[in-house]
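Asks: Structure below; questions to follow.
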There are 2 protein chains.
Amino acid sequence: MAEDQPGARPSHLNFITGNANKLAEVKAILSSIPGLELESRDVPGDEIQGSIEEIARDKCRRAAAVVGGPVLTEDTALEFTSLKGLPGPYIKHFLSALGHDGLNNLLAAYPDKTATTVCTFGYCAGPGQEPILFQGKTQGKIVPARGPRVFGWDACFEYEGETYAEMDKNHKLEILQSLGLADAAGRGSDITYVANAISHRGKALAKLKSWLAGGDVETL
Amino acid sequence: MAEDQPGARPSHLNFITGNANKLAEVKAILSSIPGLELESRDVPGDEIQGSIEEIARDKCRRAAAVVGGPVLTEDTALEFTSLKGLPGPYIKHFLSALGHDGLNNLLAAYPDKTATTVCTFGYCAGPGQEPILFQGKTQGKIVPARGPRVFGWDACFEYEGETYAEMDKNHKLEILQSLGLADAAGRGSDITYVANAISHRGKALAKLKSWLAGGDVETL
């Protein structure tokens, strides 16, 4: 399929990130796609306000315009059920201002502490093209922080009894394997960036990977 | 002073609003500036994420680029002290998702219910020019809604014992007069848009008005 046809798969992708670890890990995961080259580009620019999907599409579209070619973007949101999905795409501002305790405090008035993590990868073929979104979601709940407080809100998001920060390497590997992102020999188990928000990011990446390989997956 | 000099005052201004009432009221208030023409323009576009000032500057700059001339923009934020200033510029998303009760609930874990309303008018002389910001702030507190629930969060922001929604016409007129925005005969007392968020918007407008008339005021 030619790259300028709708639905064509790219052979070259600019992953919009300033984070070398993210690039290395997404590269490792997508390395099984034949002929796909992935490099990183750091595109400055402000995210807009809006829904998760509006923000992702805008970011992806702008990046493609700046890069002048195919781009891959990533966004993470954390939706609190009791707050009708908020802070959602604004979670990073709330985490940095309020910390883990503050995130818990936002729900003090509500018995329902459930939350959904949403990871959205966006692909845009080039300037003026409509982005395609690959989304992964995981339901869990907001709890007082447990485990190493290293990655974002990992320590206060509990999934099946463990916070993301507490989840041990073997458990992460199992999930990676179940998503086809690590092999039976355990290769992929060192993928900490994906593993640390494994369910939502892993699901989104699994969709993206399958699509890049020519498969039909649910996109937005 | 020529209009292309830094600090020059405009004789024509495009107020970026889709709201006819807002235009009429700001027009009425600025009508005493000799030779100033004000018209409204509705410029679509997404607000960015960031600080109040970053968002205001970006909006003002973009509007000037679209209009191709001098513009006036307005933004309102509501900062909760206990939430380190949040929801701040994101207040409209929180109000529309959570309502007045939900705004109160965000503070359930905190004894400090104080909040600051922030109104920011932005002036940009034209494409490529640096915006000038005029800011007005008022300290009050978040309370269970009282008074008509007509304008935004007016019913749950209490200032000196009354919510903005409860504040009666005479009280609003006094404040307008103290800011020089209504005259002794009461002309200006029908200015509901300004009056309904009188302190912060009035303060910002008073600064803007004084600056437009050639005065020196505190800008950002």
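A Cβ is built for glycine as well, from the same backbone N, Cα and C atoms used for every other residue.
The ITP binding site feature in TrEMBL is assigned to A:17-22, A:K59, A:75-76, A:151-154, A:K172, A:200-201. Sequence annotations record features per position, and here TrEMBL assigns Mg(2+) binding site to A:E47, A:D75.
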Asks: Note down the number of other Cβ atoms within 10 Å of the Cβ of A:G152 (ITP binding site), including every protein chain shown.
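Replies: The Cβ of A:G152 (ITP binding site) has 19 Cβ neighbours within 10 Å.
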Asks: Which whole-number value in Å describes the distance between the Cα atoms of A:G152 (ITP binding site) and A:D75 (Mg(2+) binding site)?
Replies: 13
Asks: Tell me, by DSSP, whether A:H200 (ITP binding site) is helix, strand or coil?
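Replies: A:H200 (ITP binding site) sits in a helix per DSSP.
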Asks: Within 10 angstroms of the C-beta of A:D75 (Mg(2+) binding site), what count of other C-beta atoms is obtained when all protein chains are considered?
Replies: 21
Asks: Is any of the binding-site residues A:N19, A:N21, A:D154, A:H200 within 10 Å of A:D75 (Mg(2+) binding site) (Cα-Cα), and if so, which, in sequence order?
Replies: none
Asks: Measuring Cα to Cα, how many Å separate A:K59 (ITP binding site) from A:E47 (Mg(2+) binding site)?
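Replies: About 6 Å separate the Cα atoms of these two residues.
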Asks: What does DSSP say about A:T76 (ITP binding site): helix, strand or coil?
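Replies: Strand, per DSSP.
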Asks: What does the structure give for the C-alpha distance between A:T76 (ITP binding site) and A:E47 (Mg(2+) binding site)? Integer Å is fine.
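Replies: With distance taken Cα to Cα, A:E47 (Mg(2+) binding site) is 12 Å from A:T76 (ITP binding site).
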Asks: A 10 Å Cβ contact count, applied to the binding-site residues A:T17, A:N19, A:N21, A:T76: which residue has the minimum?
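Replies: Lowest Cβ count within 10 Å among the binding-site residues (A:T17, A:N19, A:N21, A:T76) is A:N21.
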